[in-house]
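Trainee: I'd like to ask some things about the structure below.
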Amino acid sequence: MKSLQEQDTEIFELLEKETDRQNYNLELIASENFASKAVISAMGSVLTNKYAEGYPGKRYYGGCEVVDIVEDHARDRAKKLFGADWVNVQPHSGATANAAVYLACMKPGETLLGFDLSHGGHLTHGSPVNFSGINYNAEFYGVEKDTDRLDMNKIRERAKEVKPTMISIGASAYPRDYDYEAFRNIADEVGALLWMDMAHTAGLIATKNLNDPLPHAHVVTTTTHKTLRGPRGGMILVGKDGENTIGVTAAKSGRTKNWGEVFDSAVFPGTQGGPLMHVIAAKAVSFGEALQEDFKTYQTQTQKNAKAMADKFIELGYDLVSNGTDNHLILIDLRNKGLNGKIAEEALGEAAITVNKNMVPFDTESPFVTSGIRIGSPAMTTRGLKEAEFEQIAVLIDKVLQKPGDTENHKKVEQEVRDLCDRFPLYDFVTA
Ligand code: PLP
């Protein structure tokens, strides 16, 4: 058989270009990371050929004896990593994991109370353009104007007002941690299910660098490719008290199966067909990596780096949403600098600094322009950068944002970015 390079030069050259881009850009998108060579190898394996509808020991296809063991490893390692009672590692993405939770827990037309999308929440938590907002009645809670933080008393009032079937926690752009116990008390008070989408913070939660939702939420979903540093994909978990709570889940969904089966059947056949066994193998590899001691060191450094960068930005006169961060990301409100997110993202892109424009709470700009940028530390921390380099990154960003229209200046900053990237090499391969 031919190699990719021999078979398809056009695609191979594009992969070379993308590898070069990843090697020589400051990757600061908070939802991205750099998977290891081992994880990438598993994804690029012959397991992509295998159909395995169903679950280990209960497949609809022959020849599953090897992939059964692979999926068992992925499940066992995930359970160990998060102290979960039950997991499903088949969701193709975070959004499909969430779709399965809705299918299992809510009937169309029932009410979800979710984190306001313009305050950091995710599309799948009730956006009117997403299945969650189309099929369900989405109501929202948000952060307070003076603190940019959640006020649990206000959320309790909101929950009493809208009487949700399910309350969701979790966001794509919230720099603070959550009080899961308080959320659970509210859910119990109004008879709602509690769902935490820890897509962004799963890695930090696995190492207990952030509060743990599993003992409190009825169900937890995640992506596997953000702070968790695995392959692109999703997962559903239930904590130790799942057995007590699933009775509620089953009743609400009109099903009588036990709790594992409720979510398993919501994934397959509920929302997906055959699992991506090559991705599940890569998930197993990444969970194995996350169970090593150095993963704790990595998450701690990710958090320290975000904090160091936040402090530097504040020193440079930037306005940070909630005035700092507890986790891996910061959100900068650029209005006091006379800038918007679109201009900033484009100018930084010219200097090989990759961030994304982002709405800030109570934004006055449209989602296509936005008043803010979101900056995350997970990817560059994987490359080995520490606090000093993250402070340097804040200075480089400031250099660009001081003169967003000055392309000559951007070129000079790009050279500094290249020098920094050279000190922390990344990929020495195009295909693993
Ligand atoms: N949930 C949250 C909180 C997210 O931030 C994201 C993605 O950014 C998702 C779900 C969706 O994940 P995916 O892009 O894998 O569908």
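Each residue, glycine too, has its Cβ placed from N, Cα and C.
According to TrEMBL, the protein has these features:
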type: BINDING; residues: L117, G121, H122, L123, S366, P367, F368; note: (6S)-5,6,7,8-tetrahydrofolate binding site
type: DOMAIN; residues: 4-397; note: domain 'Serine hydroxymethyltransferase-like'
type: MOD_RES; residues: K226; note: N6-(pyridoxal phosphate)lysine
type: SITE; residues: H225; note: site 'Plays an important role in substrate specificity'
Trainee: Rounded to a whole angstrom, what is the C-alpha distance between S366 ((6S)-5,6,7,8-tetrahydrofolate binding site) and K226 (N6-(pyridoxal phosphate)lysine)?
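Mentor: Pair distance, Cα basis, whole Å: 26 Å.
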Trainee: Please give me the CB contact count at 10 A for F368 ((6S)-5,6,7,8-tetrahydrofolate binding site), counting all chains in the structure.
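Mentor: Summing over all protein chains shown, F368 ((6S)-5,6,7,8-tetrahydrofolate binding site) has 8 other Cβ atoms within 10 Å.
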Trainee: Can you tell which of G121, P367 has the most other C-beta atoms within 10 Å, given these are the binding-site residues?
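Mentor: In terms of Cβ crowding, the pick is G121.
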Trainee: According to DSSP, folded down to helix, strand and coil, what is P367 ((6S)-5,6,7,8-tetrahydrofolate binding site)?
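Mentor: In the DSSP reduction, P367 ((6S)-5,6,7,8-tetrahydrofolate binding site) maps to coil.
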Trainee: Around H225 (site 'Plays an important role in substrate specificity'), how many other C-beta atoms are within 10 angstroms of its C-beta?
Mentor: 25
Trainee: Round to the nearest Å and give the CA-to-CA distance linking H122 ((6S)-5,6,7,8-tetrahydrofolate binding site) with K226 (N6-(pyridoxal phosphate)lysine).
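Mentor: Distance (Cα to Cα, whole Å): 14 Å.
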Trainee: If you measure F368 ((6S)-5,6,7,8-tetrahydrofolate binding site) to the residue listed as 'N6-(pyridoxal phosphate)lysine' at Cα, how many Å is it?
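Mentor: Given the Cα positions, F368 ((6S)-5,6,7,8-tetrahydrofolate binding site) is 23 Å from the residue listed as 'N6-(pyridoxal phosphate)lysine'.
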Trainee: Of all the recorded positions given, H122, K226, which has the fewest Cβ neighbours within 10 Å once its own Cβ is left out?
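Mentor: Relative to the other recorded positions in H122, K226, H122 has the fewest Cβ atoms within 10 Å.
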Trainee: Name the residue among the binding-site residues L117, L123 whose Cβ has the smallest number of other Cβ atoms within 10 Å.
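Mentor: Candidates: the binding-site residues L117, L123. Fewest Cβ atoms within 10 Å: L123.
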Trainee: According to DSSP, collapsed to three classes, what secondary structure does L123 ((6S)-5,6,7,8-tetrahydrofolate binding site) have?
Mentor: helix
Trainee: Please list, in sequence order, those recorded positions from H122, H225, K226 with the Cβ less than 6 Å from ligand 1.
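Mentor: The recorded positions passing the 6 Å Cβ test are H122.
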Trainee: Measuring Cα to Cα, how far is the residue listed as 'N6-(pyridoxal phosphate)lysine' from L117 ((6S)-5,6,7,8-tetrahydrofolate binding site) in Å?
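Mentor: So the alpha carbons of the residue listed as 'N6-(pyridoxal phosphate)lysine' and L117 ((6S)-5,6,7,8-tetrahydrofolate binding site) sit roughly 19 Å from each other.
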Trainee: Run through the Cβ atoms and count how many others sit within 10 Å of the one on S366 ((6S)-5,6,7,8-tetrahydrofolate binding site).
Mentor: 11
